[in-house]
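A.B. asks: Summarising the annotation, TrEMBL assigns active site to A:Asp47, A:Glu119. Per TrEMBL, the feature Mg(2+) binding site maps to A:Glu43, A:Asp116, A:Glu119. Feature annotation from TrEMBL assigns domain 'RNase III' to A:8-130. Per TrEMBL, domain 'DRBM' is recorded for A:156-225.
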There are 2 protein chains.
Amino acid sequence: MALSANLLMPLQKRLGHQFSELSLLKQALTHRSADSQHNERLEYLGDAVLGMVIAEALYQKFPDHAEGDLSRMRSTLVRGKTLAEIGREFDLGSVVRLGPGEMKSGGHRRESILADAVEAIIGAVFLDAGIEAAKKMLLNWYSERLTTISPIALKDAKTRLQEYLQGRQLNLPDYAVTDTRGQAHNQTFTVSCQVQGMASVVAKGTSRRKAEQAAAEMVINALNAEGAKI
Amino acid sequence: MALSANLLMPLQKRLGHQFSELSLLKQALTHRSADSQHNERLEYLGDAVLGMVIAEALYQKFPDHAEGDLSRMRSTLVRGKTLAEIGREFDLGSVVRLGPGEMKSGGHRRESILADAVEAIIGAVFLDAGIEAAKKMLLNWYSERLTTISPIALKDAKTRLQEYLQGRQLNLPDYAVTDTRGQAHNQTFTVSCQVQGMASVVAKGTSRRKAEQAAAEMVINALNAEGAKI
């Protein structure tokens with residue numbers, strides 16, 4: 001599938017950026033399965049640009065919040081799920097170039113292809129017109145999300161892991177207390193967390209809840225290290 | 001300890017940035033143990049600015065390298081160890097404001113306080129003069145490191161974990177194969193990795209080496225999630 005001007009014109013309108021170098025946009029929409037000139041390097045760049053723009057926006061919007069709150073909100077705004085939503089808002093699914101093997105892929109693969117294309121587009125805009133243009137566009141894309149996000153009510157690790165697994169029709173994690181040490185108000189709980197298809201993980205905490213959250217966080221880190229973007 | 005102009009003048013010269021708002025630099029040099037106006041929010045911002053500037057510099061310098069190589073080099077350039085080195089080059093140890101409890105802290109704590117102050121200074125410069133000024137300064141700071149870095153010879157997870165633990169006088173990790181499945185050329189190895197003071201971690205791989213690397217990576221992720229910056 002070639003990307004014709006007929007397709008790219010309305011897309012640029014939706015994105016809010018008119019490219020000087022249209023080849024950058026084409027590359028951003030090219031999955032590695034489709035062509036050797038694919039979007040992975042642009043995705044790497046876009047991820048960093050997005051991270052900075054959102055970091056600054058939250059810094060300015062929440063002058064009284066600690067670094068931890070800002071970091072959590074940033075994670076929420078830049079994670080794969082949010083990026084895939086944005087990709088759907090721009091109807092990227094209809095313009096992303098995929099190789100024959102990927103054409104039929106659905107669900108999770110599809111989500112991550114959309115999220116990666118969104119990051120690649122950000123990288124492409126940055127190369128095409130610089131950081132200020134990329135920032136202006138991103139603040140537009142995120143204007144509603146930045147208005148509604150709040151430091152409270154962010155989801156904890158167990159919830160995020162559960163939702164991730166449910167979205168992929170996998171079994172829920174199996175948490176089990178494997179050890180308890182210490183006395184009444186100074187206990188250490190050891191909890192194992194088993195996720196379908198993964199080696200089990202063990203974590204400690206001063207309460208069962210904390211140990212479970214820590215274990216879920218470890219599983220999320222391991223999945224993210226493999227590109228899951230939870 | 002107040003930060004006098006006598007101290008801040010030569011520091012600004014070393015950093016290569018003259019602040020319009022000197023209070024930003026003062027805040028960047030203030031650890032949370034010293035004052036409620038501390039540097040954690042600036043550190044959060046500086047981390048994002050640094051990430052973007054280094055991401056772009058590597059993108060431009062290595063036009064033929066894949067995203068994975070660029071990401072690994074970026075991790076090396078922005079990790080705590082590198083930032084602490086930069087902090088020592090600027091002699092930040094003599095100007096960082098610490099609370100009484102932290103004054104005596106040595107080793108690891110000291111390293112991470114320096115690294116955090118470096119990130120906070122980056123955030124402060126960004127607020128003081130914008131992204132282009134911050135970028136120019138950072139490319140100066142990193143000019144030698146960006147010249148010498150190469151996608152090969154980056155350290156693997158086991159090596160990084162070992163060096164981290166040695167630097168803290170902790171025992172080396174204990175790796176053990178707990179299970180082997182499958183036949184000759186299609187085996188799955190399960191390896192446990194036990195680090196002093198942490199719950200053990202279990203990982204799988206198609207070779208013992210890969211399983212050990214995966215386990216080391218999980219431990220590193222868990223330590224980084226607690227702020228270790230390995």
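The backbone N, Cα and C atoms fix where each Cβ goes, glycine too.
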A.B. asks: Starting from the Cβ centroid of A:Glu43, A:Asp116, A:Glu119, the recorded Mg(2+) site, name every other residue in that chain with its Cβ within 8 Å, sequence order please.
C.D. replies: A:Asn39, A:Glu40, A:Leu42, A:Tyr44, A:Gly46, A:Asp47, A:Leu83, A:Ala115, A:Ala117, A:Val118, A:Ala120, A:Gly123
A.B. asks: Among all protein chains shown, how many Cβ atoms are found within 10 Å of the Cβ of A:Glu119 (active site), not counting that one?
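C.D. replies: So the Cβ neighbour count for A:Glu119 (active site) comes to 28.
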A.B. asks: At a 10 A cut-off on CB-CB distances, which of the recorded positions A:Glu43, A:Asp47, A:Asp116 has the highest count?
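C.D. replies: In terms of Cβ crowding, the pick is A:Asp116.
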A.B. asks: When the domain 'DRBM' (A:156-225) is classified with DSSP, how many of its residues are helical, how many are strand and how many are coil?
C.D. replies: 29 helix, 20 strand, 21 coil
A.B. asks: Tally of helix, strand and coil residues over the domain 'RNase III' (A:8-130) according to DSSP?
C.D. replies: 89 helix, 2 strand, 32 coil
A.B. asks: To the nearest Å, how far is the Cα of A:Asp47 (active site) from the Cα of A:Glu119 (active site)?
C.D. replies: 6
A.B. asks: Return only the integer: C-alpha distance in Å from A:Glu43 (Mg(2+) binding site) to A:Glu119 (active site).
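C.D. replies: Given the Cα positions, A:Glu43 (Mg(2+) binding site) is 5 Å from A:Glu119 (active site).
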